[in-house]
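Features of the protein shown, as given by Swiss-Prot:
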type	residues	note
DOMAIN	365-639	domain 'Protein kinase'
MOD_RES	388	phosphothreonine
MOD_RES	520	phosphothreonine
MOD_RES	618	phosphothreonine
REPEAT	69-93	repeat 'LRR 1'
REPEAT	94-118	repeat 'LRR 2'
REPEAT	119-142	repeat 'LRR 3'
REPEAT	144-165	repeat 'LRR 4'
REPEAT	166-192	repeat 'LRR 5'
SIGNAL	1-29	signal peptide
TRANSMEM	268-288	transmembrane segment
């Protein structure tokens with residue numbers, strides 16, 4: 001039997017052939033193209049440190065690569081020592097990218113123009129490289145961009161009006177480049193903006209005046225929030241007068257007068273210099289003689305200051321080498337408390353039933369080491385004898401009178417809870433204020449999370465982390481229960497200390513009330529501070545809840561809030577977690593160390609519940625945050641439900 005094709009059947013077959021050719025290729029083909037582009041990228045930028053298994057068909061399990069719907073949607077390679085120029089033809093194939101993070105590398109040259117092919121790109125983080133040239137116009141076609149960070153590069157040229165096309169943009173960081181010209185009114189709904197340390201001039205547009213001065217420092221810009229502009233738009237460097245105009249008679253005569261000094265003027269200058277030098281020599285001789293005649297038994301603080309170690313962001317306590325104390329070479333003690341002279345000394349004041357096994361003399365004689373410098377002063381570990389260790393905090397910026405100090409510190413000393421570091425004693429004089437606490441052998445939670453993670457430090461599993469969270473929450477709940485206005489005022493991981501069994505003890509409670517109102521000490525807990533707090537001495541209970549929520553997020557992510565640059569491209573930790581939780585990639589939030597040791601599904605469910613609690617605690621509006629008693633209840637319930645699931 002023979003088959004005959006009629007003209008209509010022939011047309012129909014052609015139609016279906018064209019239809020098949022017009023259909024999109026299977027996703028596996030697109031993913032293969034993505035993989036090829038990623039390998040080309042790695043080869044071009046020296047990514048030998050990227051341990052990608054090229055034998056895998058899919059790149060979705062590679063470090064820094066995230067897929068969705070069979071395509072690569074995110075590439076996050078911060079701090080991977082990448083270097084060199086990104087060639088054209090790579091991003092043109094990664095067309096489904098929504099997040100690209102190449103920050104803190106050594107990439108150079110201009111941005112590839114095919115970056116404009118990534119029309120779905122929402123977050124672009126390129127800060128901390130050496131990209132140069134003008135910001136390419138193709139970026140302004142990426143209408144879905146929400147976060148753009150080009151800071152810490154070598155971009156030049158003017159800030160283009162093309163930025164106005166990025167109508168969804170919320171973050172724009174351009175600081176520390178070589179951008180020049182004036183600053184345009186971008187007319188964007190920006191939440192974060194910075195153009196500091198560029199070659200910009202002119203006035204700051206009204207729409208950008210809502211940002212603080214830090215966003216514009218290191219430029220020649222003027223206007224709110226910087227200095228007021230003159231009528232011409234810039235402040236002249238010197239007043240213009242006839243005498244300053246070259247070629248005028250007055251100007252020439254003035255120059256001649258300035259060129260010549262009379263003999264009397266010269267003699268006066270010489271005599272003045274000799275007399276001044278003589279006075280300086282006499283003053284120095286008196287000072288040295290006075291210092292040599294001083295006879296006190298105090299410890300010279302100037303010597304110990306050489307041993308004090310600054311802890312960046314207060315992330316960790318200082319660990320001294322074994323059997324070594326930071327002691328003053330002229331005295332057996334390293335804790336400088338008071339000037340002890342022949343007229344006698346004041347005594348330590350102990351609280352409640354605290355065992356008085358030592359006095360101020362013992363404290364002065366004790367060998368000690370610096371633990372770290374905190375918001376309210378320097379902490380020392382004092383070794384009184386073979387079995388007695390205490391922590392001594394030497395307060396700074398406390399200027400209140402004896403009676404007021406006594407009233408406030410007695411409130412602190414009366415606090416008694418198993419999850420608080422007990423205040424055992426204090427010393428007060430006009431020049432020195434000392435607080436004596438129990439010594440916590442495991443140091444702080446901050447040190448445990450962000451300190452040395454060598455072979456000697458076991459990984460922190462979820463049971464330990466959630467237990468620390470519960471203990472700290474109970475301590476704060478106790479503080480809040482004492483009075484409706486009672487708060488900690490400085491909640492952060494470095495103020496959560498640990499016993500040998502990892503039981504949490506909250507420290508530094510009540511000390512915010514002691515700091516002088518005129519203190520210029522910078523607030524070192526910015527990453528923990530609630531947005532409504534303007535005075536560190538007046539912190540509400542709901543602000544404590546916010547700070548504790550940041551600690552919860554810190555436990556879950558392993559990230560330090562004080563290091564804002566590392567917390568997802570310049571956002572603080574709380575906002576970063578809020579944003580990624582909305583995008584539903586929670587598994588990328590959790591600490592990789594934690595994920596590597598926890599394989600039980602129930603644990604991940606607990607972690608997700610704790611993440612939600614951390615998000616609730618860090619709500620922008622105080623009324624939306626839970627109270628501490630509710631926080632304690634929720635942590636108890638999620639820990640109990642986890643125990644029930646595993647039997």
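Even glycines carry a Cβ here, placed using N, Cα and C.
Helix, strand and coil counts under DSSP for the repeat 'LRR 3' (119-142) come to 5 helix, 8 strand, 11 coil.
Residues in the repeat 'LRR 4' (144-165) partition by DSSP class (helix H, G, I; strand E, B; coil) as 5 helix, 8 strand, 9 coil. Around residue 388 (phosphothreonine), a 10 Å sphere centred on its CB holds 14 further CB atoms from the protein chains shown. Residue counts for the repeat 'LRR 5' (166-192) by DSSP state, with H, G and I taken as helix and E and B as strand, are 0 helix, 8 strand, 19 coil. Per-residue pLDDT, averaged across the repeat 'LRR 1' (69-93), gives 89.
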